[in-house]
């Protein structure tokens, strides 16, 4: 099975050129042609108003992962080139700026698995077959059992890749961290199934239902476990269960969801994909720009919830508090890495990402 990585949308950038009248008439600046939206300033506000720190091992880890994933996922040459250009390693390098090479490569490898695993549920083999989708999830999660036979790439590339990631994670992590990552992987797979179910509903989900569903399937929860592992964090489970710690994790998922929906909206329109909160808001009578502005308000609400959660954190003592600070920073870095990667990769905006980031303007088809 070869991952069906999404072909990038065509570049649609273009600068309007000033039009001059004769002699003394003032210069008139032509309005940009086409349908545009202005991304909300909230994308880069509050905890997102920082420049990301990039792991210096980023390019080395990318080269190693690109080669390994091509073999593990049985990519043909064309798919391998597309995957390399997506450059998921850039996101990993921001999510875990202090990780060693082995751990950073593990993050890249897992990101390779999750993108390849997710696509058939979005628009491929399992999107219209809930029974087959459930079977795939059951067989996939079974590979996390420590007594499961080793899966070869020829037998099943996706299960082989996840099992390899899990075995490497298990070798170097504590039992509590293993428990959390396995739990997060299960939550992700359940979220993917919920998304398949929503696609078969006659009506769109509410905003609350959509955000709950996306929190499970957006993939941020497993990233949090990998970030803990990469940054050397090992927080006791009773501390992780505190409402403020749970809130920080959930807000991270919400930030990633809203960032993704804004950055992928043009691609979604081009490809006819409607799993995006903007379509739900437009069903409520909003224009494209009004929906985007509403997402900006939702981002500001995320930042307020974040700071409220921090204010309600207890004090556990120097050792635990130090790890809690690293955890909070790591969760911020996950959202920060997702945001900067989304405007850096060609997956969503072709070659226009840097210009969209600079101007906050996105041209729609």
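Placement of Cβ uses the backbone N, Cα and C atoms for every residue, glycine included.
It is 341-348, from the ranges 333-340, 341-348, 349-356, that Swiss-Prot records as motif 'WxxxxxRY motif'.
Swiss-Prot tags one of the stretches 242-250, 251-259, 260-268 as motif 'NSE motif', and that stretch is 260-268. Range 118-122 is the one annotated as motif 'D(D/E)XX(D/E) motif', of 113-117, 118-122, 123-127 (source: Swiss-Prot).
With residue 260 (Mg(2+) 3 binding site) as the anchor, the candidate binding-site residues are 118, 347, 348, and the one with the nearest CA is 348. Within the chain carrying the motif 'WxxxxxRY motif' (341-348), a Cβ under 8 angstroms from the stretch's Cβ atoms is held by residues 6, 8-9, 85-88, 90-91, 94, 259-260, 263-264, 266-267, 354, 356-357, all 6 or more beyond its ends.
The secondary structure of residue 264 (Mg(2+) 3 binding site), as reduced to three states from DSSP, is coil rather than helix or strand.
Broken down by DSSP into helix, strand and coil, the motif 'D(D/E)XX(D/E) motif' (118-122) contains 5 helix, 0 strand, 0 coil.
Residue 347 ((2E,6E)-farnesyl diphosphate binding site) sits 8 Å from residue 264 (Mg(2+) 3 binding site), counting Cα to Cα.
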